[in-house]
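Record features (Swiss-Prot):
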- 1-29: transit peptide (TRANSIT)
- 40-331: domain 'tr-type G' (DOMAIN)
- 49-56, 113-117, 167-170: GTP binding site (BINDING)
- 338-359: region 'Disordered' (REGION)
- 345-355: compositional bias 'Basic residues' (COMPBIAS)
Amino acid sequence: MFSINARTKVPIWVPFIARKGFSMSTRQLAEPKLNQVSSLNTRNIGIIAHIDAGKTTTTERMLFYSGKTTTMGDVDQGDTVTDYLPSERSRGITIQSAAITIPWNNNKINIIDTPGHADFTFEVIRSLRVLDGCVTILDAVAGVEAQTEKVWKQAQALKIPRIAFVNKMDRPGAGFSRTVKEVVQKLQTKVVLCNIPYFEMSKDDAVFVGVIDILHNKILKWNIDEDPNGRDITVIDLQEAKESHQEAYMEALKCRESMVETLGGIEETVVDAFLECDEDYMKIPSSILKSAIRKACISNQVTPVFCGSAFRKIAVQPLLDGVVDYLPSPLQTPVPEITASTSKVSKKQKQKKNSKVSSVPIEMNPKKGLIVNKNPQLTVALAFKVMTHATRGVMTFFRVYSGSLTSNTTVVNTRTGKKLHLNKVLLMHGDTPEPVSQISSGNIGVITGTENDVITGDTLVSHGPVKRNFTDLETSIKLLPIEIPPPLFNSSIEPLTAGDARYMNECINTLIREDPSLNVNVDEELGQTILSGMGELHLEIVRDRLINDMKAKIRLRNVAVSFKETVSKPSLEVVKASKNDGLVKVEVSLEAIDGPAEESTHADENGSVLLETDNNVVKLPPEAAASHINESLSERRWKSEHSLEELNDIILQGITTGLQLGGPILGLPLHSVVVRVIHWDFPVEGKEVSASMLLDASRQVVREALSKLPESSFCILEPIMSTRVYVDSGSMGEVVHDLSHRCSAHITSIEDESENMDSNAWANEEAENLYLPQDYTMKSGKNAVNFTNKKVVVAETPLRDMVGYLSKLRSITQGRGVFDMTYLGMRRAIRPVLLDS
């Protein structure tokens with residue numbers, strides 16, 4: 001603990017305070033040295049929250065205070081660094097996750113700002129896969145909101161440590177303590193208050209001006225009137241000023257007592273220090289408490305809580321300190337799941353859960369980081385995002401898990417087995433790339449020039465500058481894949497003129513490469529292109545990007561729910577298709593799947609391939625190939641320019657297209673169908689035949705198999721959602737009636753939120769026993785959310801009836817009701833209802 005005058009004016013985050021426990025320095029690492037920071041001093045963090053909680057604003061303040069930018073971007077002005085897409089700036093929301101690297105107090109922080117809207121959940125999912133820690137932004141007025149709870153649980157499932165920042169403390173109706181209590185009860189976590197809000201009275205209102213630092217027993221007051229950029233801070237030592245600031249001192253004392261009690265139940269060192277200090281809470285060294293908080297946070301036993309107002313530029317700097325102090329470095333995170341599978345998977349397929357895999361030797365070296373296959377020179381990286389840059393073309397974001405990815409090196413994509421040469425590796429600053437010599441273990445970077453060779457979820461391996469051959473094990477290494485949620489909404493898209501079609505298709509391919517949760521199906525017979533996405537806003541943004549950003553001349557029809565067709569009765573008949581006078585043959589039969597394909601018995605069979613979309617399975621066993629094909633391969637008489645693996649992939653492509661062309665009822669894509677390949681043939685020794693013949697035959701045989709079934713053998717499926725509606729008890733009756741009648745919902749339960757919390761008694765008890773300061777701003781807060789007597793209506797609802805539901809819910813509840821939905825699966829739809837829609 002350092003000693004300064006009772007009131008010390010601090011014009012900026014000055015170095016002498018940094019040496020005593022606060023990081024108040026604006027002197028940061030020069031850009032060339034930033035990439036040389038060790039893994040131990042690196043933090044990979046994500047900013048996660050509900051929409052409009054202040055994620056992007058908080059990120060912009062972090063950039064400014066770190067010295068990365070010289071001015072602060074503003075969401076309302078549309079000049080933020082991380083929201084760089086025109087659609088993001090015009091709407092004031094985050095659509096794509098953006099990566100940026102900043103310095104802070106001799107550390108490096110890689111930040112990913114993620115979207116908050118449910119339509120862009122996939123952006124959050126793929127970002128979480130490469131993070132070591134998260135900052136959860138909470139709106140102090142709204143409290144813990146639906147999307148916050150959902151993203152929190154996603155991070156929790158991946159065991160990612162989190163810290164919380166209660167934002168918007170300057171707003172009328174802000175409730176710091178109420179929000180923290182919700183964090184404990186709803187998010188099921190213990191907390192320690194690292195700082196609490198500090199108010200000064202102005203007439204009859206309490207004005208948020210700073211924070212009370214619990215660890216160092218000081219008031220930090222931001223003098224915004226003197227420096228609008230939030231760098232003029234007054235520091236008040238409460239130990240010396242406890243007479244003049246008695247109320248603040250007592251709050252700090254009670255919060256510190258609560259902190260020690262919480263940490264004492266986790267770390268014995270805190271109990272020992274408490275006893276050594278004669279049971280005086282204020283005498284326990286802050287270094288011991290800080291170390292205990294860090295250990296408890298990294299082990300996911302505690303969530304450190306900070307507060308502030310990013311918009312008013314108050315208390316963002318202590319949050320940055322918290323990121324460095326409490327979130328883990330790449331050397332302190334759980335070892336990622338790494339397997340080796342010799343099967344190569346196309347981008348239209350899923351890796352089966354029961355694929356033959358072998359474990360890969362991995363160890364965490366305290367200095368070098370992760371070492372894979374006992375080879376310190378082996379680099380293993382995960383591609384988690386692809387975007388198109390205005391001047392540099394296709395850029396692939398990756399996280400290095402072991403080794404270093406250097407410029408001018410060769411990598412292998414273990415999904416395809418293809419070798420790729422990398423000229424440069426880059427760091428990203430919003431949408432601006434910065435070339436560097438290498439990206440070391442634990443860091444996030446970008447590569448270019450991989451337009452059609454790398455997709456989201458691919459694992460890349462390299463030996464760096466060392467010239468040596470890759471072993472079979474190394475080229476089969478795979479990091480845990482990134483799951484892509486199914487698209488739920490459709491919209492047909494068409495060019496304004498025939499001459500606009502080619503550019504339209506190029507633009508669509510660009511968007512799909514960037515966003516795997518966006519799908520496209522082309523009906524060549526009808527000349528119709530169908531785009532599928534996660535929601536109405538998702539497809540609306542796609543339209544805006546195509547028309548406004550890419551200048552494509554297109555017309556996008558009304559967005560509709562994504563219905564599918566399926567086979568309700570299996571076809572025992574084997575259907576044949578042949579091309580080129582019988583030289584090319586494919587024979588198949590059709591079956592149906594009940595439930596997720598990966599959990600069915602079909603997935604266990606030899607040769608089963610789970611298609612990426614629509615829960616379909618293709619069974620292509622080795623014995624289905626004509627005998628001469630396998631003989632030619634074993635006897636080395638193979639002359640075809642296509643390998644056996646490539647021919648199998650062509651068959652899969654043809655079958656996939658055949659299923660996407662739709663069923664007989666409404667021409668909707670087929671869902672939950674098993675296509676069993678009984679036999680196939682292709683000349684591989686003598687006469688050269690185009691592989692397109694095999695592609696056409698594979699597609700044709702599926703179409704013929706479908707056409708031979710009577711229409712009564714098909715039914716239509718629609719997406720069903722698990723819906724939770726949060727309302728006051730006074731509105732519950734009308735909400736339930738509306739859900740049951742207008743939305744065709746099946747109400748499964750009605751829960752009292754307090755009873756729901758009681759089901760997790762420990763969290764409820766923890767929240768009640770936790771000391772929390774008084775919420776001054778709630779006295780005058782007309783906009784505060786009323787969390788008393790809250791009800792949760794749980795229902796299963798057809799997605800078609802939930803389109804536009806939010807506006808109806810707000811009308812019923814006077815703007816207070818909220819809801820969230822999770823995809824349950826596809827179920828049989830009532831045909832008259834479908835035709836009416």
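Quick reminder: no glycine exception, Cβ is built from N, Cα and C everywhere.
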DSSP-derived class (H/G/I helix, E/B strand, else coil) of T114 (GTP binding site): coil
Binding-site residues listed as A49, D52, K55, M169, least Cβ neighbours within 10 Å: D52
Model confidence over the domain 'tr-type G' (40-331), averaged pLDDT: 88
Number of other Cβ atoms within 10 Å of the Cβ of T114 (GTP binding site) across all protein chains: 27
